[in-house]
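Taken from TrEMBL, the feature transmembrane segment covers 20-39, 293-313. Residues annotated as domain 'PAS' in TrEMBL: 330-376. TrEMBL lists 403-455 with the feature domain 'PAC'. The annotation domain 'GGDEF' is assigned in TrEMBL to 487-620.
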Amino acid sequence: MHTPRLGNVVRHIGSHLGFLVLATVFAASIAASTVFNLYRMYAEELEQQHDIAGLQARAVEDHLTQYLNLLSLSLINTAQPPTNRELVAMLRNAPALRSLSVVDKNGGIVASANPANLGRYVNLLDFLPPGTPDSDYVAIGRPWRGRDFSDGSPILPTQAGDGRQTGFLPMLRNVRLDDGRTVLLLVALNPDYFINHYSNRLALERGSVDVLRYDGIQLFSTDERFRPGALRADAIYLASINDVEAGTFEETLYGTQPSISAFRASRLFPVIVELHLEREYVLSRWTRESRRLLTLVLPALIGLMFLMSWLYLHLRRRETERSEAQQRDRERLAATVFTHSREGIIITDAKGHIVEVNEAFSRITGYAHDDVIGRTPRLLSSRKQPASFYTNMWRDLLRQGSWLGELWSRRRDGSQFAALLTISTVRDHAGQTRNYVALFSDITQMKEQQQHLEYIAHYDTLTRLPNRSLLQDRLTHAISQSLRRELCLALVYIDLDGFKQINDRFGHDSGDTLLVELAQRMRAALRDSDTLARVGGDEFVALLVDLRHPSDSEPVLQRLLTAAASPVADGCAVLEVSASLGVVFFPLDATEPECLLQLADRAMYQAKQAGKNTWRAHASHF
């Protein structure tokens, strides 16, 4: 007689247990989705920080290589072994140098800008790479402690101290003289110059820059914990540095500091730049976002757990009441996520008319809720994307049911912002499109940061002209274009006459003012298709393209001379210099970029010897 009632009880309990199982799976799916989103955000942030570290390492390596290369080139401009007085003159206006000396084949100092260095010896075997007496080469030595060779000594790996002690870095330059003899020039580099430069220019926040030799000897760093002279045996990329010149990796610095690191080998010298960013600091934004997301999800999960407990204790409650309560909780959770989401959310009907937006949408776009209901998302169009962009987007959306990408949008005030957009299709039980849901976030700041890093890697920060790296790229491209069009191009090496006197008399600020003004004037003297780059302190290179004959360059060369010789007003002072120009032609003089630059440099020196304020061609083609 009681069997039917018992069966109903069993079925009732079974149905509730089934719902509890489903609710548990639902909570687990939310947790899994949250963990997945956190991991995705983490991976994207980590990848972005790796890219930033790589770009900053490239900027540091480019500056270091350019400085050492300019220093190396300046040391070869001597016809006879320099005397002590000449070494003192060469040392002026060189804040990165402690001293200049001449050493014999045994390493003994026989001439020096610092008389106290005379008679001191350096071990030539400590320099990398090893050179031969009859060849031009530049080698980097192991760090020394002290102010100069007179009171210093080389730092062996077993004697390495810390970055706070005073020291310097030896550099050896073997120079071939005009009469065939060679002379060994010994330079004492001041590491503090580079340390201060990288600390101030890069504005590294919670990070550091290390410089090593190819053999792992530590040279200098912006981190005081760095031990100059020590051997970096843990730098695993050193074994393959000949094959891989740059990369990023993660490590723990000094046993306590997890870091994101990037390395880049110099293309001209046996040195490697390491840049380290503290992992905890660079991932702080992800940490904040994770905590914010968890503060939304965890209360919802806890509330769901309480709901399941309540349902278990009230199994005898009517099924309809339990279903209604579950539905209310789901709607409340969805409303909470919708309202408090950091991303802007747009929901449209199947025809594309907006039916709902969240608060983040209004915060990002400036449009109020009631301003957009019933309208289409076209009101956000910035008109930066062509019509084909939207055609491809809708094709993928209709074919795949979703679309992910970046685009530029417009706020209500007319300003534009970059958005990372995800669009998903919502279908009913019959498979027909019911709604479209779009989630987007403002990534303008990230885009601007990427553009800034790319800019400082390719442009001179003072004159805003292309630097040597970008010049190399444009020269290579111009050579290829000239071959296709069967035209020639001219490469003009420009050196300002008397610029050093301007710096000495009026100061470096006036010198900078002069450089900026002359850069603008010389650029205006060129055609729109030409390029003007700054490759040194007072040295520029102009690239003239699409020339049918070398004589086509003469008017441009004359305009450059006029632009450089025009006075520049700086307050009450009038700054005047001139320019010496050396010009070569592709393919008449050379076909390789480096050869063109070298020949143009030689022609420029011929112009200086001819009295300055003039130009000379490597060969007569006029």
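A Cβ is built for glycine as well, from the same backbone N, Cα and C atoms used for every other residue.
Automated prediction, rather than curation, is the source of TrEMBL annotations.
On a predicted model such as this, the values are computed, not experimentally measured, just so you know.
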Integer average pLDDT (0 to 100) for the domain 'GGDEF' (487-620): 93
Chain residues in Cβ proximity to the transmembrane segment (20-39) (below 8 Å; excluding those fewer than six residues from its ends, i.e. six or more beyond): 290, 293-294, 297, 300-301, 304-305, 307-308, 311-312, 326
Counts by DSSP class (helix H/G/I, strand E/B, coil) across the domain 'PAS' (330-376): 22 helix, 10 strand, 15 coil
